[in-house]
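Enquirer: There's a structure below that I have some questions on.
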Amino acid sequence: MLLMTMMKPMILIWTTWGTKISGGSDGELSGFSNDEDGARPARRQRQRGRGKQAARGRKGKRGPQKPVEPSQEFKLMQSKATSAFIDNDFERAKEYALRAIHINDEMFAPYSLLSEIHLAQGEKQASLTVLMTGAYTKPKDVALWWKIVRMTLERCGDDRVLYREQLLECYGAILRVDKDDVEARYGRAEINRELGNRGRAAHDYERILKISPHDMNALRMLAEVYIDMGHPDRALTHYRESLAYYRSFDVQVEEGFSWSDANIYVELFGYLEKYTEGISELKSVCRWLLGRESETYWDSVQDDDREWDRDDAPRRLEIEDFEPRLYELDTYGSGLPLELRIKMGVYRLRLGERFVKEALEHFSWLEPEGPNRDDMVADYPDLYKDVADALYAEEKYVEALRFYELLQQVDGYGDTPYWMALGHCYRVAGLNSEAEQCYQVVVEDEPENIDARVQLAKMFEELGMSEQAMIYVNQVITLGRKDMERRKDHGLDQGQPLYTMGSLISKFPTQRPATPAKKSTPSTSAAQRQEREKVREANVKHWFHILQSHEVAMREGDEDALREWMIAANRLVQDFRSCKVFYPWDKYVKFFGYSVDARKKALRPRTNEAMEEVEAMAGRLQASLEKEGKGDDAVLASVPQDYRGIDFDRWLDIFLEYALNLAKEGDAEKAYEVVTAAADANVFYHSAQSKMLIHVAWFCTFCIYPKPHGSALLRRVLRLILHILACALIGHDEETICSVSRWFMREYQFTTDAYRLYAALNRMCHGSISWYNSGPSQKFVLRQIKAMDYSLIGEESRRSWFQEKASYTTRDQEGNPVMAKEMDVALLMLYGHMLLVGTSYSTSLNYFYRAYALDPKNPLINLSMALGYIHYGLKRQSENRQYLIMQGLSFLFAYHDIRMASSHPSERQEAEFNVGNAFHLLGLNHIAIPYYERCLTIGEEMVAAGVQIDEHHQENFSREAAFSLQGIYASAGELRMAAAVTEKYLIL
């Protein structure tokens, strides 16, 4: 609203005719807030009395000040305006009235006169605006405010959208004078409901109920508001109180609790999903309204509704307390209103399969197969719709079909949800022809409806009619593209689809009007774009020539060649990444070439679940058509295998070698970026010969390049992942190493080499162990162990020991999950070592023992158990240190015996060193020295025999043993012996 100020009232009035005006204080032009009772004025009052008393805060009478006494000039202008109005000289009367307002805008008389002038001229809107403005000078004149309300309602008629705020202002002014004015509260609550201010509307209805308790009209309105607010429980509380009040009278009160109120009361239980209580209350209230309140014995009959059968026989007569002729027959079955009977049936249906028969008995009163069904459908179409929807929601499609079919003859019910639900019922009933007709009705009525086409495609796919299904799939994809264009025009977010795959009985989104396409002038012509592409292609060929010319020298270590090669590779990679066809909205979208259609397909973003489902269906149908020899092989065969004259395999080599060189130069972050860019390109995941996504079934052995029989697609994937690992190893990036290693364990689940790879890669990375045994890594490996255990035990044991099913991450060629066939020692040892490194020695021993039971002669298992016991014994919290250390030594000597029986000298040397190191750890240096000395002796024998280190996994521990002996001798004061060991073994 515009506020009229005292400075320029005449200008505002002349420029705001037909505009809602408010403002001022009670003594002037008072604008009040209408949100709450007794709210402060919307504008600060004009301060009076600025003397010392005002400064000291002199107390006086609060409230509106008296208006300024009219001056002689004001009286003269008012008198002239009145005379001119009587003489029907409206223009002069208007001029004098405006002057009077300009002189003193706190008097109501000139506003009233000006309003009458406009009314006499037929300007009702201007008359109402002036009267509304003048009403603020008499804020307590309730009759005046009601006059404005009546004029406003007369002016707006049925369409009062533009007058809601004005009506709220009027009702608020009335209620500030009389808070108990029920009519004003009804009016304000109704306006607030129209504006969506449900809380304020509920406040007014609550106040009405305090003024007039158990006013059923207010209670009905309040129930609707609370239902809209999601608080039906509050309305139910009020209804319980009113019901108890009216039932306390011996006779029914006129205009009291009616059948309509009973219907609303019972409906509230449905919103709260209290169906059993709702049925009980429905019976009790209806019994009272029918005059049979004394028959309380019916409250004990909860399993059925025989009380409301049509006849006494047979079920009512089975109740001992029932007296057949005590009440009229029409106070039982036929006395129950049909609306409440259907509601009772719906609630029975909601209670489960046990009460379906009882629910259907209630629904039979609608006579879906009776001779009067046409008249019944015409009289109660809403009830037929409610029954059909309830049966549909409970998946009773055949029963729902009986009621849905009858609604076809009723106008106003053939909307999209109806035809979709009817079509689904026909499909379930095996009536595919009728189902197709229903979906076709939706397609004809809504040419852009996606859901009906999806259902048609599904139906034809199930019937094996792939070609017909493919027609509708293509239509859905086309509509999806239009959907995205329309979304851009409407400025909608990507997460706000215009079409969804929601429930068939829910309301479908309304069809939006098509927006005309915006015509834009292209910034460059087609010829200019072609010329620019030629320049780019020439540049690519130039840089590729430089790359090839320096490639051999670069690999031989030439620094200058490396620099030139890196510059060329960088330019080539940037050009490749700038081609958007290789980086579509989803990396699983295949590469179909460089045409305009292919680019649109690649750049089309994900729409919604419906589109995802259709795309999956399209893949299945395409595969089916190809089996039938109807696939579009010509299109697939025409897909290019190169980019700017360079084949894709060569592009992949450029990406990977460039990334490795970046990692060697220390720029690991950019190396990851380059490898990730290659991994995201769709051409490295799809090929012309492959029409399915990559699926790795088994991973038996690990090597840098897969075996020849593997597909080219598989080789590309593994090469990408392994180059990421290479970059991580060069940059000593433990986090990336662990993350990629977990990918192998997830993709090749229950494969021993995948677990060995995790341990080996972490061993090769020179850094902390924080990522090796981090929380996520431990949890991941533990889930692998649980999945292995789950797949190896019986069904009974699974129910006893497992609370949830295992997570299988690998599937075979048929899509079935691959489960473990035997216990994996490497997996158990990997998790045990994670716990051991984290000083959880006792827990780690549990998994070492499981591995020991499978392979007791394994030297690594024995050594790990020995170290677990020894370290556990050295902890401060250990209860029996001697026992734990003796246990550890027993496994240590078992390990020693196994290794000493080996034919490889390095393994025997390893055993001597590890045993000596264990005694060294325990502080038993005199026992450790002989083992170290034997380790050195074996090392000399290996050198004398010409054993090559690292050949067939041969190692020499002489330096480690010598370093340990050096420390022992030096700490014991034997410096000469320490120096001798140092000079012989530790000096290069």
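Any Cβ shown, glycine's included, is placed from N, Cα and C.
So TrEMBL has the following annotated:
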type	residues	note
COMPBIAS	41-64	compositional bias 'Basic residues'
COMPBIAS	510-528	compositional bias 'Polar residues'
REGION	25-73	region 'Disordered'
REGION	510-532	region 'Disordered'
REPEAT	182-215	repeat 'TPR'
REPEAT	416-449	repeat 'TPR'
REPEAT	825-858	repeat 'TPR'
SIGNAL	1-18	signal peptide
Enquirer: Which numbers of helix, strand and coil residues does DSSP report for the repeat 'TPR' (182-215)?
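Expert: Its residues divide into 28 helix, 0 strand, 6 coil.
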Enquirer: Could you give me the DSSP helix, strand and coil counts for the repeat 'TPR' (416-449)?
Expert: 27 helix, 0 strand, 7 coil
Enquirer: In the repeat 'TPR' (825-858), how many residues does DSSP assign to helix, to strand and to coil?
Expert: 27 helix, 0 strand, 7 coil
Enquirer: What is the average pLDDT across the repeat 'TPR' (182-215)?
Expert: 90
